[in-house]
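Below: the structure, in structure tokens.
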Amino acid sequence: MAAFSEMGVMPEIAQAVEEMDWLLPTDIQAESIPLILGGGDVLMAAETGSGKTGAFSIPVIQIVYETLKDQQEGKKGKASVKTGSTVLNKWQMNPYDRGSAFAIGSDGLCCQSREIKEWHGCRSTRGVNKGKYYYEVSCHDQGLCRVGWSTLSASLDLGTDKFGFGFGGTGKKSHNKQFDNYGEEFTMHDTIGCYLDIDNSIVKFSKNGKDLGLAFQIPSHMKNQAFFTSCVLKNAELKFNFGEEDFKFPPKDGFVALSKAPDGHVVKSQNTGSAQVSQTKSLPNAPKALIIEPSRELAEQTLNNVKQFKKYVDNPKLRELLIIGGVAAKEQLTILENGVDIVVGTPGRIDDLISTGKLSLSQVRFLVLDEADGLLSQGYSDFINRIYGQIPQITSDGKRLQVIVCSATLHSFDVKKLSEKIMHFPTWVDLKGEDSVPETVHHVVVPVNPKKDKQWEKLAKNHIRTDGVHDKDNTRPGGNSAEVWSEAIKVLKGEYIVRAIKEHKMDQAIIFCRTKLDCDNMEQYFIQQGGGPDKKGHQFSCVCLHSDRKPPERKHNLERFKKCEVRFLICTDVAARGIDIRGVPYVINVTLPDEKQNYVHRIGRVGRAERMGLAISLVASEKEKVWYHVCSSRGKGCYNTRLKEDGGCTIWYNEMQLLSEIEEHLTCTISQVEPDIKVPLDDFDGKVVYGQRRATGGGLYKGHVDILAPTVQELASLEKEAQTSFLHLGYLSNQLFRSF
């Protein structure tokens, strides 16, 4: 309790935390809680199970409580907000529209960023929507930079999306992440001219007066948008000239200085340093905190944590609500009408309630995006930007909206791009760093080679039901086509799963399948083995977890697995994202994930709390044809087995290539075992019991100590002798001095 109290956590929350046996904060909690309590935006990355949910839930609960308490007692903060209206009255770079490490001089024209690892950008205070315009940029050093034009919808990282057009010092033009050769390189003492002809949809550049020719043709759908001066720097310094001073290389052909643009063609930036202030009157359906999760299970897990942390928070009590799809909305609407302070939910249902006016964002103080990389990969970028735009940036008591983003990795381009748009000078708390495999996890690869292991030819119809990709192909034994080997791989993988379970006498494991259909087929195969959902305690008892299962069934299945009522949880990556299941000794990858980061996420399910874990990956030696639905139904009722490039919904999946990418990512070679799946003893750990704590000393370590023991004893004797000699020498010196 004292450890959390020292970080400023209120006693009521600290008491609840203590009852959860959290004696000390985890690393992510120790770093993030003070930052959030201090009012800052925070980007945090840590492994699942590291206490990440507590890192944002605890401060959110406390600040929401303090806000409600102040309202209850009639206290009001200062709602005055500094505006940038005076800044917008002249052409200069905008201090309210820049990266966190981007500095602007007092004149508004000299710009600098000394960040050497990341790009930081900025836009001007004003833009233009009609006419032909020109400005100059002088390079003051040899750093990297891109200059050009962009709309307010663009990322500050100029040229990495479809709303910006840039020209870089390496002699590349950039638009929508496409970097092409253009003009020539430029560096210190060079002057770059930036031309914009909106009427003819042209962007071009010059170097020291030399016209470099057409760079971009502006798409027709952008013709009526306002374009702003833009740049992005990496350890560089530039100075802009919008025409208030004489140009070094005056433009020709009717181009005029931006500062001379007619008022009717000038558009002021919306990024003014001020913001919409939330209304003072409280609404029952207007929560103070909105926490968005990528899945129902993760939303339920987070809500349970919130309930635990707020257990002793009273006067006023906090009211929380879970908003997820797949369940009746009537009860959720009733709770909303009665009043709610913290909302936890998934994007679909939250979006529905916002669009119908049932959920108000007018008083949101906290916006939390948990597993942000998962939200973005599921296509919720527009949803996030849309709701962010509806939330007042300043609360009625004068506090700024706080945005907290949690992600498996902060090195994702999309996460960085999102943070630039919706966060205010965020602090990065990255305790995950580069992906690595914990010492408590043994991970091995089992090659699945149908050309060597002919077992599949003898199984007749007793094998696992396959996904139907080859139902129209001739895959009978004796053939030598890619389709034959692909179908054989699917059959062998089912047999290898059963073999692995029996070989290691697995009592609990998570089995990752690539698709929902694969999960269903694996569950059915376990039923064939005598197991399944209804066979509690059976060697092949199992439950399924994926988005096609109804929410009550998913919740029930997850609880049964956590309580060890069944041995195996068969699931997809999306369904299992972020769910914290402790003490699982085994993970089996039926198919390698197509994103290398997901491999680390999967095998990270084992080896937690210092318990040993084994991750087994089945890797096909040949390419496997698999479903890859691009149809509108997303696979429901789809039997189009043609390849994607031929208008179908299948691809050839190359697991050997994926394995090499994973090994390169982890900078290690993953051990391979034979198809009998016997894992040899580890040289250091010796015999390991997976699911148990790692032995403090094991394997060869004890013998190593015995070998070193005589040497250590000799060193101790020498140390004693040296110290005795030193003391004796000091005594003799004193006696000698006295004799004189």
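Here the Cβ of each residue, glycine as well, is placed from N, Cα and C on the backbone.
Annotated in Swiss-Prot:
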REGION    1-448  region 'Interaction with dsRNA'
DOMAIN    2-428  domain 'Helicase ATP-binding'
BINDING   Ala46, Glu47, Thr48, Gly49, Ser50, Gly51, Lys52, Thr53  ATP binding site
DOMAIN    70-247  domain 'B30.2/SPRY'
MOTIF     370-373  motif 'DEAD box'
DOMAIN    493-681  domain 'Helicase C-terminal'
Tertiary contacts of the motif 'DEAD box' (370-373) (same chain, 6+ residues out, Cβ under 8 Å): 52-53, 56, 291-294, 298, 302, 405-409, 412, 414-415, 418, 577-578
Reduced DSSP assignment, Thr53 (ATP binding site): helix
Sparsest Cβ surroundings (other CB atoms within 10 Å) among the binding-site residues Ser50, Lys52: Ser50
Per-state residue totals over the motif 'DEAD box' (370-373) - DSSP helix, strand, coil: 2 helix, 0 strand, 2 coil
Densest Cβ neighbourhood among Ala46, Glu47, Gly51, Thr53 (binding-site residues), 10 Å radius: Thr53
